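Colleague: Encoded as structure tokens, here's the structure I'll be asking about.
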């Protein structure tokens, strides 16, 4: 549960005598008392008859924003009130809208109704989602919460693209800056701009997620609509077949108008979108050896990703140079699937072969890791587990896997150097990796070109060492010195552009460092400057 968003319950409890915690813990309870106490109450003075007050219990369960796993535990085995087991939370509660639902299921449904993407769904759509998730509202709630957590849905975010950047405020206002040769800033021109400006034509539209590729930008609204601008091709953005039309203002993607989209991811050869129901669709790069469907490269129609994920809900997608990762939510837990080019072992299956349809990465089961966040770099990938462990795999050039060498790993491997760190977020780029810990510290490793790792920023060392590669995770001291809690990192994920990095803080401040030759940092550089080694505040408030 997020402590920053939890509220205080309005339910008041009276006539409960205060006791020291030690007294409550150590007070003996006779075997006879354990046998006769039960949830439905009896004539024993002080017994709390839960069956007579289910609405209060439901209010407490919903108000506390319990984790879906906690609700499942209540149904399975309850040790409250000195009990060994309890059927109270499992039996039908006789409440609308479904008299057959248990209190735990009703609490989960109530919490689902608070989620932004669930509210506009019809009853039929909600039931379809319930069945897709496994037939339980607790599983639907887990699906919704997982999507919000790994994609910062409904929260501020920044995207460090190839030569240009996009930032989205918590209110849904979009700022763009940097290279604009294809109209990818969406401001109606093709002129480069280092100053962040809101995209005026989006006034009145709330954006909840952004994706950036070479020369193009995609934005997702809170109503599931997709807007695109820049190069009009959905793949082959950096060489080869390209769109002939330059779009300089956000345009609705008509082929997606019947799909409620919640996330987009842009690779070099393809674009992928994720629907509200957890279905994945792709554009371009559609021949049968790549993404499981036969289409032309210039095809603008969304094609469902076939294979194992057709009937499994996905909560997050991540696109690398030529492959796609999908974080799936199944009744038995979270899992990761990969599809596309397998060079370097970046698909994570222990081989370097291509996969034309999504395939489960089985190593996480062996490692007993429940994946929580996935990241797809150009040539390597990373996952943060629910327990805070970090796994990396793929090409290990420049030390981007964090294992102390430059070897390739064809299956996920735990980064042992982070064994004392509980990670909550990971970001990958072109041979670079950043990890954010639960205490707000940031670690980086890999390629040090363009000062994008944030290390060696001392005035004496900066000119000589700031481009050094880092083989093991190191704390980014330049960010630690800001005394701001970092919640998101974004870095350039392209092999053709010098990299830059964004660090977004809990208070909504955005800091930038790395390459800035096209204005992509959002800060002004001097005439002979092309990069910033020290994080500098970008003059926009994303809170």
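Count begins at 1; order follows the chain as displayed.
Cβ atoms here come from the backbone N, Cα and C positions, even for glycine.
Below, the features straight out of TrEMBL:
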DOMAIN    155-490  domain 'RCC1-like'
REPEAT    172-223  repeat 'RCC1'
REPEAT    224-277  repeat 'RCC1'
REPEAT    278-330  repeat 'RCC1'
REPEAT    334-387  repeat 'RCC1'
REPEAT    388-439  repeat 'RCC1'
REPEAT    440-507  repeat 'RCC1'
REPEAT    508-543  repeat 'RCC1'
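How buried are these features, and what lies next to them?
Modeller: A mean pLDDT of 96 is what the model gives for the repeat 'RCC1' (172-223).
Beyond the repeat 'RCC1' (508-543), the same-chain residues lying 6 or more positions past its ends with a Cβ under 8 Å from any Cβ of the stretch are 156-158, 160-161, 163-165, 167-170, 175, 177-179, 192-196, 450-452, 454, 456-457, 462, 466, 478-479, 482, 484, 491-492, 497-502.
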Colleague: To the repeat 'RCC1' (172-223), which of 334-387, 388-439, 440-507 is linked by the most Cβ pairs under 8 Å?
Modeller: 440-507
Colleague: List the helix, strand and coil residue totals of the repeat 'RCC1' (334-387) as derived from DSSP.
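Modeller: Secondary-structure breakdown of the repeat 'RCC1' (334-387): 7 helix, 25 strand, 22 coil.
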